[in-house]
Every structure is written in structure tokens, then in C-alpha cells.
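K.L.:
Quick paste from TrEMBL:
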| type | residues | note |
| --- | --- | --- |
| BINDING | T130, G156, D177, N220 | S-adenosyl-L-methionine binding site |
Amino acid sequence: MKLLRVEILVAAEQEDLFVGYLAQRISWGWEVEAAEASRTRFVIYFEKDADAQDLVKAVRGQWPEADCSVSTFEDRDWSESWKEFFVPVRIRDTFMVLPPWLNSETDAGGLIPLYIEPKMAFGTGHHATTALCLQAVAMLREEQAVSESATFLDLGTGSGILALACAKLGMTGTALDIDPIAVDNARENFALNAVENVTVRRGALDILEQGRRFDLILANILSGPLVHMATDLVSHLQQPGGSLVLSGILRDQSPRVEAAYLALGLPTPRKLVQGEWVALIWSS
Ligand SMILES: C[S@@+](CC[C@H](N)C(=O)[O-])C[C@H]1O[C@@H](n2cnc3c(N)ncnc32)[C@H](O)[C@@H]1O
């Protein structure tokens with residue numbers, strides 16, 4: 001049987017969101033024969049020409065920077081191979097981020113499993129900005145800079161992945177996101193992981209009670225908002241003794257973000273770097 005082969009190349013910074021987008025579109029009922037992916041390259045095989053054209057049209061409309069092409073292909077037996085998109089992500093010796101169809105006994109390798117249902121919210125663990133935050137959480141716990149009874153704020157929770165990591169280490173916290181799709185996906189992921197020690201709310205910093213302080217604050221947002229909200233964010237950080245992790249910062253924007261927080265009296269942060277992305281970490 002001849003299949004239609006749609007190949008999509010996306011930029012590295014779009015990989016995480018695109019995985020979620022594709023997962024959602026596939027779950028809406030396209031008859032996908034097979035699929036394969038290697039980070040920024042996605043190949044989907046369809047039997048029906050209409051489904052292939054539907055995907056191409058949707059991708060060209062919503063992801064104009066992506067390179068999308070169609071060709072014909074001779075079939076082979078690939079049941080459920082689309083799940084190959086979602087390989088586990090290991091974070092130090094602490095966490096393994098997994099799609100829900102994998103098994104924690106065999107696939108988590110003895111690490112703490114973080115099950116994430118890939119949907120339209122950001123945060124499958126594949127993007128550097130998320131991985132850097134997860135590394136920071138693991139590191140801060142290893143160093144005992146945060147205790148298992150610490151309170152945390154996850155600002156811009158997306159899929160809920162960072163809150164999930166903190167909750168699975170025993171901490172209790174609040175996860176906020178302005179996007180209702182993220183709030184739904186985060187709730188779904190907390191239920192999937194049987195995590196109950198996180199309160200999820202839709203909104204930004206202004207919905208928090210004034211004066212409420214957290215032992216750990218995580219914010220994987222972009223440099224501009226991180227600079228803009230610096231005063232508000234620091235007003236919710238327990239001082240002394242609190243830890244702050246900022247991510248979503250491109251290398252060349254890091255000095256500007258750092259300067260905004262130094263101006264508020266915080267010391268020079270530590271940095272974790274992956275590719276072009278930097279995370280800034282304050283702890284005592
Ligand atoms: C890059 S994603 C991070 C998701 C997840 N925390 C992670 O690390 O993978 C940023 C998220 O922040 C949310 N967001 C952006 N600005 C926000 C704000 N001012 N307050 C709360 N959420 C915000 C977005 O809707 C998005 O879900």
C-alpha cells in the first residue's frame with residue numbers, strides 16, 4: 001500500500017510545543033499509519049490523502065516557520081510507532097520524565113518518575129529551559145538548600161512538570177498559569193501522578209496574597225517578563241533562606257535579567273547552561 005509521508009522540520013526552540021501540538025492533533029482522530037521523530041524532525045505517514053493535506057495546511061497556518069513537505073511512501077508495519085516521539089528524559093540521578101504509556105519499573109530506571117501526558121501545554125521535559133529547571137530542583141534538594149517540607153511557587157506551570165518534581169520530593173506548593181489549557185493539563189498530570197500537594201490556579205503573581213512567601217520559586221518564563229516582574233517575584237521569596245530559579249533566558253539576555261535581581265539586593269546567582277539557554281539560581 002502507498003502511504004503519504006509528511007515531513008516537518010521545526011526550530012529547536014519549538015520542539016517541545018510542537019510535540020504537544022502533534023500529540024493533540026493525532027488524538028483528535030486522524031488515521032495515522034505510523035510516525036517517527038528525532039528531536040526537531042517529525043515524519044508522519046497517512047493512508048488518506050485528505051488527512052495528510054489537513055496536517056500540512058494546519059502546520060503551514062500555525063507554524064509558518066516550520067519546513068513541511070509531502071511525498072509518497074511504500075507501507076511497512078508500524079503499529080503505534082508515533083509514540084516514538086516521546087522518549088524518556090533523564091534528569092541527573094533524580095528524575096525520569098516519561099509519557100504515561102511507559103512503565104516506571106522498567107523505564108524510570110529507579111529514578112523518580114514524572115508522568116507527563118503530552119498535550120498543548122509547554123513542558124514535556126525535552127526543552128532545555130525545562131530540563132535546566134528540573135536539574136536545579138534536583139541539585140537544590142541534593143545540597144539540602146530546600147528541604148522536603150519546603151513550600152514552592154511554580155510560576156508559569158505549563159504542563160505542571162516543575163511543580164510535579166517538587167511535589168514528588170515531598171514539597172507543598174502553588175502552580176500558576178495564565179493559560180487555561182496549561183491549567184487543565186497541569187491538573188491532569190497531577191492526577192496522573194497521584195500528586196495532591198499542589199494547588200493549581202489560573203492567573204499571574206497578582207492573584208497571590210500580598211506578603212505570602214515561598215521557600216522555593218521557579219519561573220520558566222522569558223527574559224522580558226522576568227525583568228518586568230522582578231520586584232513582585234522577589235516579594236514572594238522567603239528571605240533569608242529562600243531559593244529562586246529563573247529560566248527561559250537566552251545567553252545574551254542573561255546579564256540583563258541578572259542585573260534586575262541584583263538591583264533588588266540578591267547576590268550573584270549560579271548559572272546552569274544548556275545550548276543557548278541559561279538558568280539563574282539563587283540559594284543560600
Ligand atoms: C515556557 S512555559 C514553562 C512551562 C513549564 N513550567 C516548564 O518549565 O516546562 C511558560 C508558561 O508560563 C505561562 N506564563 C507566561 N507568563 C505568565 C505569567 N505572567 N504568569 C503566569 N504564567 C505565565 C505560559 O502560559 C506558559 O504556560
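Backbone N, Cα and C define each Cβ position, glycine as well.
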K.L.:
Taking the mean position of the Cβ atoms of T130, G156, D177, N220 as the S-adenosyl-L-methionine site, which residues outside that list, in the same chain, have a Cβ no more than 8 Å away, listed in sequence order?
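P.N.:
Output for this site, in sequence order: F122, G123, T129, C133, D154, L155, T157, G158, I161, L162, A182, L218, A219, I221, S247, G248.
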K.L.:
So how far apart do the S-adenosyl-L-methionine binders T130, G156, D177, N220 get, largest Cα to Cα in Å?
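P.N.:
In whole numbers, the farthest two Cα atoms are 15 Å apart.
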K.L.:
If you draw a 10 Å sphere around the Cβ of N220 (S-adenosyl-L-methionine binding site), how many other Cβ atoms fall inside it, taking every protein chain shown into account?
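P.N.:
A count of 27.
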K.L.:
Here are the binding-site residues: T130, G156, D177. Which has the lowest count of other Cβ atoms within 10 Å?
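P.N.:
Candidates: the binding-site residues T130, G156, D177. Fewest Cβ atoms within 10 Å: G156.
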